[in-house]
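Engineer: Submitted below is the structure of interest, expressed as C-alpha cells.
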Amino acid sequence: AGVVVAWRPPKGKCPLRCSCSKDSALCEGSPDLPVSFSPNLLSLSFVRTGVTQLKAGSFLRIPSLHLLLFTSNSFSVIEDDAFAGLSHLQYLFIEDNEIGSISKNALRGLRSLTHLSLANNHLEALPRFLFRGLETLTHVDLRGNPFQCDCRVLWLLQWMPTVNASVGTGACAGPAALSHMQLRHLDPETFKCRAIELSWFQTVGESALSVEPFSYEGEPHIVLAQPFAGRCLILSWDYSLQRFRPEEELPAPSVVSCKPLVLGPSLFVLAARLWGGSQLWARPSPGLRLAPTQTLAPRRLLRPNDAELLWLEGQPCFVVADASKAGSTTLLCRDGPGFYPHQSLHAWHRDTDAEALELDGRPHLLLASASQRPVLFHWTGGRFERRTDIPEAEDVYATRHFQAGGDVFLCLTRYIGDSMVMRWDGSMFRLLQQLPSRGAHVFQPLLIARDQLAILGSDFAFSQVLRLEPDKGLLEPLQELGPPALVAPRAFAHITMAGRRFLFAACFKGPTQIYQHHEIDLSA
C-alpha cells in the first residue's frame, strides 16, 4: 500500500493530491470525500490529509478495496456506515489520527475484515457492539488510546475472552486509581456498572398505615389499611390502563393493619382496628366477595398497632401487637373455620410492633414496645418463650429483618436519634450500623430484583433509600424518594406486575405513592 509507480489510470480515476498505481493509491494533502477511483482498486492510503470526518458511504464507489489505511490525519469523527459497501475489505488501519469519537455502527458491513487497528488515537471509550457482525476478525489493535477504565470499557473486557482474535488494548489513562494499568489485567467482576432508580408512577388517594402484597389466583394484589377512609382497600392491576385500580374495599373504621392470608382458593384478611373490635374477613372461593366472619379476641386486643402472619408447625397464625396497658399482644392460630387465641404475650408492655423471623432453624418473634427494649421469643413446646432482649436498643418503635449472604440482619426504627442495623451472631443481635433518624416510624428492608434495599422513612425530611453493599456489608445511601415527597410514611412494600417492579409507600398524612423500579446499565 502506498507504493507509487508511473502507471496512471484513465483521466478522472485518480483524484488530485493522490498518487496511483494499477491497484493501489496514496493520497496526501486534502482530497475530498467521497473519492473517485478505479472500481478495481485494492488498497488505498490517506496520509497527513485535511479530511475532517468520515461520513456515511464515503467509499461506495470503490467496493473492491481489500486494504484501507489512515495515518496522521486530522479527522476526529467516524460516522455510522462510513465503510458501507466494502464487503471485501480485510485490512483497516486507522492509526495516529485525532479520533475522539466513533459511532457504534461505523464498522457495519465489514464482513471480511480480519485486521483492525485503531491505535494511537484519542479514544477514551468505544461504543458497545462496535464489533458486532465482524466474525472474521483475527487481530485488533487498540493500543495508544487514553481509555477511561470506568463502566464504558466493561463491555470490551467482557467481549475480549469471547472472540478468536488477538486484542492489543494498552493501558488505562484514568481514573487515577487505575492509571497505567493494562486493560487486559482488569477484572470485569470488580466493576459496579448497574444502577437503579425509583421514579414516581401513580398516586392512590387517602392516607394509609399499612400496605401488604399478596397473590390470589395467580394475580398479584395489594391491600391498604386506610384509617381515615375506614376501610381495607384491595388493589389489582388494570391491564388496559396499565395502572393499579381498586378491586374491593372492606369497611373497617379506625383500621391500622390489613393482613392477607391465602389458603388454596380461600382468601382471608385480618383487619386490626383501634375501636369496634378487630375482624377476620373471608372469601371461600373466587367469584365471591369478602365478608366478615369473626371478631378476634375482643377482650385482649384493645388497641392493636401491628399484625403479622407466621406459620407454626404447619399452621397459619396471626400475631397482633397491642399497645394498650389493659390489653396484650396475642397469638391467634387457626382452629377449624376461624382463628382463636393460642397465647398472650408481653402483657402490660404496650407493644408497638411484632416481627416474625427464623433463627437457627426455629420460629422466633420479636416484639418492640414503648416501655422496654425489644424482646426476642423462640418457639418451643408449642408456645413462645422469652429468649433474650436486644441490648443498647432503647426507644425502638419497630423492627424488620432481612437475610443476605447467609446472615440475618435487623433494621430497628427509632423516631429520634439513630435507627440501627444489627446482625445475628448466633446468640444475640449485635450493632452493625447507625443511621440518623428524623421522625422515623419505619425502617423497611426490601429485596427488589437483585438489590437488597432498606428505606428509612421520615416525618420531617425526605425518606432515604439505602442499598446493601455486599463488599462492605453495610447499607449505603442510594437516593431520596420524591418528588412527590412522602408525608409521614408508615409502611413500604413492593410488587412485581406484568414484568415491572413497583414500590408502594403508605403515608399517614398524605396519599399512598407508587414508584417504579428501573435498572440502568451504566456500561451501555
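Heads up, the Cβ atoms here are built off N, Cα and C, so glycines get one too.
Feature table excerpt (TrEMBL):
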- 145-194: domain 'LRRCT' (DOMAIN)
- 197-239: repeat 'EAR' (REPEAT)
- 243-285: repeat 'EAR' (REPEAT)
- 289-336: repeat 'EAR' (REPEAT)
- 338-381: repeat 'EAR' (REPEAT)
- 383-426: repeat 'EAR' (REPEAT)
- 428-470: repeat 'EAR' (REPEAT)
- 474-519: repeat 'EAR' (REPEAT)
Engineer: Okay, the repeat 'EAR' (338-381) and the repeat 'EAR' (474-519): do they have at least three CB pairs under 8 Å, pairs separated by 6 or more?
Structural biologist: no
Engineer: Would you kindly list the residues that approach the repeat 'EAR' (243-285) from elsewhere in its chain, counting only those six or more residues past its ends and only Cβ-Cβ distances under 8 Å?
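Structural biologist: Distant contacts of the repeat 'EAR' (243-285): 202, 204, 209-210, 212, 214-217, 221-227, 230-237, 291-298, 301, 303-309, 316, 318, 320, 338-339, 497, 502, 514.
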Engineer: Residues of the same chain, at least six outside the repeat 'EAR' (338-381), with any C-beta under 8 angstroms of its C-beta?
Structural biologist: 270, 280, 293-294, 296-297, 300, 305-312, 317-325, 328-332, 387-391, 393-394, 396-401, 408, 410, 412, 424, 426, 429
Engineer: Hey, which bits of the same chain come close to the repeat 'EAR' (383-426), Cβ under 8 Å, at least six residues off its ends?
Structural biologist: 306, 331, 342-343, 345, 352-353, 355, 357, 359-360, 364-366, 368, 372-377, 432-445, 447, 452, 454, 456, 468, 470, 473-475
Engineer: Helix, strand, coil: count each for the residues of the repeat 'EAR' (243-285), based on DSSP.
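Structural biologist: Taking each residue of the repeat 'EAR' (243-285) in turn, the totals are 0 helix, 32 strand, 11 coil.
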